[in-house]
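See below for the structure under consideration.
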């Protein structure tokens, strides 16, 4: 009989306007009869008859005459009227005034106002099952729940970022459709209005819901899927409710401690009394009423720090309620406890979200009746690829900006020729660029995509850069003082206890954006860099530093000898020898501590003699984690130039701290003078590298992994004409998009291979003459394969693509995989399975299914790539010996 509104129990309690939760069961549809007659009249001209529906109208034997049809309508009305009176009498008998909307029936006769065409007949339908007892049962249940919870209804609804309910939600809810008026009551209208108001408040609040029902209600009423997924991912990376609370409380206490310690040490300590040595106790050096003597500049400094503290506390309080909702989402809907959250993989979480969406499609779509069509599509698209695009909508643009060197001219310091990017500058870039081109919902503004508004937008962005530069002039003094204190307190004790940390290295902020892949979530990227740090340090340390080692060994010998003498004299001398002053004001204890620290630093900085100098092997091993090995480095891995370029990416941590502090001073110059010059290039970048996807909105072109786009194809050869130059412009540098695609496949596992009968795009590309080199280059960069042929190198790795079809094995023989297992640590077993089968998982979504039929490639002849045999290097020699043994056997 058509698509009728399927009510749930909660929709019968709160009203159909809310329609909050999942469908209870198939029998619930029996009670959705408020629009029965309208639907009946709307569909009675349709033919042929449809299959029986759970909602049925009782009718007698089918008759083709108009008289019999009218009698059937009268019978239907009598049954409905009798049922209505039964419900009304039961509720009145129990002193319950309001009839739920889902139980309301039409008062008019079904044939009144009907425009049914003469000669048509009503489709037959089976008899209606008895529903009287069920109505009584649900009526009592609704009344019982309402009576038990009216006294405990919360006065306010928890507001959150993801699940924000409108403040006037209760006033927008429609009144109950039917209220029984007591004829004997004097104030009948007043009592009816009071009942209407109570029911409106009852439906507008969530106090009636259990934690599970509330979680389902919020899941079905998500209005901003980007923000919701960011909250879900933030809860995952924060390791659960307790860890997030402790972390944020700790951050607040650190700010409080720094503010208090700074104010106390700067104003409440008499340093003259302390340094003279006359003070013997704490009260002798404390200044009375010290805070009343604070200068105006100090008051401004503490006022800024106090404002930061207040903003952090406000942000913490606003997110506190959201954390509870996300906790219920994980614990109740996904079935993941906070303890398990610290060990479960993100791909498993994505799979659970996808299963939850599939099991609750109706509730998810019907939860918010005001959603647009695009919003409905967005809630249907929850594959791993779609979720990654939502979480990294802005980050993908940032990765592409550094990949295409859009900001390179502005961030290059004159006379230094070095990219200058720090965390503080990065924060200002996001504030000036991304907060300008994206709206409050996290979507790209339509004006950015209009070429006619290019100059106006560029002018506005130029003003934002200069305004930020002016503001940074006033904020720089306070920020410099704060960060000096913060870094001093953070690193001093670590360096004192472990002086070798002075020589520790870390990837710079510029390197992090340069090395990051498209759609690579932060925790996956951090894991990849952590695995590369040890090997990267080995690569740098193996370079000979003979002159430096000689100096360090000399200083270590002198300081170690002096410390040894002082320690021996301390043991043999009297008990006050440590207080003996070797120089004026400097005791033996001071020199033992100072010289001991110098000895430890020098000794830890001396290169070890047991390292083997093989920079190419080391750097290629690092490249399987960093996925970064420029063509310009080929054949020059042993040179100081390549080492210095790599050191700019993997710099000393102490230098990075100094650059962070220096950037606060240079920030006004970069923001006001350098960055405004690239405003037009930034606007052009967002317009030319954005693509709209139904259900996702505008995303970065490279993040969609589209390899077959005609207007923006992937190129592997140098540009020779204007068309090639244009295509080169629209292509990601360093084959980053292909590498990102392959790493994305590796990261999200190979569960549930999809049997679609369609060939993946990468597999099709691999058979094209111009594309095979591209994929091979990308995989060599992602693994331990040799990227350059013909270049002089000390180590050559045997794995090569022997077939144009990636469906065949990457390695020519299975024995080669076992032999070279230690050199392919960056490739998991799942990755090798991908490269052998290269089918796409249902977890990855439809973005990876591009539409050509699978072709039989088993009989394809080998092309020019078959001659890429690897015969050079030590490992190549081992491979040849291994093949020789096979021939002998």
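Every residue gets a Cβ built from N, Cα and C, even glycine.
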Do residue 391 and residue 605 come out on the same side of the membrane in Swiss-Prot's annotation? yes
If Swiss-Prot is the reference, give me the range from 550-570, 571-591, 592-612, 613-633 marked as transmembrane segment. 550-570
To which of the residue ranges 4-40, 41-77 does Swiss-Prot assign the term region 'Disordered'? 41-77
Which one of 448-468, 469-489, 490-510, 511-531 shows up in Swiss-Prot as transmembrane segment? 469-489
Among 228-248, 249-269, 270-290, find the range that Swiss-Prot records as transmembrane segment. 249-269
Chain residues in Cβ proximity to the transmembrane segment (469-489) (below 8 Å; excluding those fewer than six residues from its ends, i.e. six or more beyond): 258, 261-262, 300-301, 304-305, 424, 428, 657, 660-661, 664-665, 667-673
For the intramembrane segment (652-672), find every same-chain residue at least 6 residues outside the stretch whose CB is under 8 Å from a CB in it, and list them. 410-411, 413, 420, 422-425, 428, 432, 465-466, 468-470, 472-473, 476, 479-480, 483-484, 487, 491, 501-506, 508
Residue list, the topological domain 'Lumenal' (270-299) vs rest of chain: Cβ under 8 Å, 6 or more residues beyond ends. 263-264
Model confidence over the topological domain 'Cytoplasmic' (1-248), as mean pLDDT, sits at 52
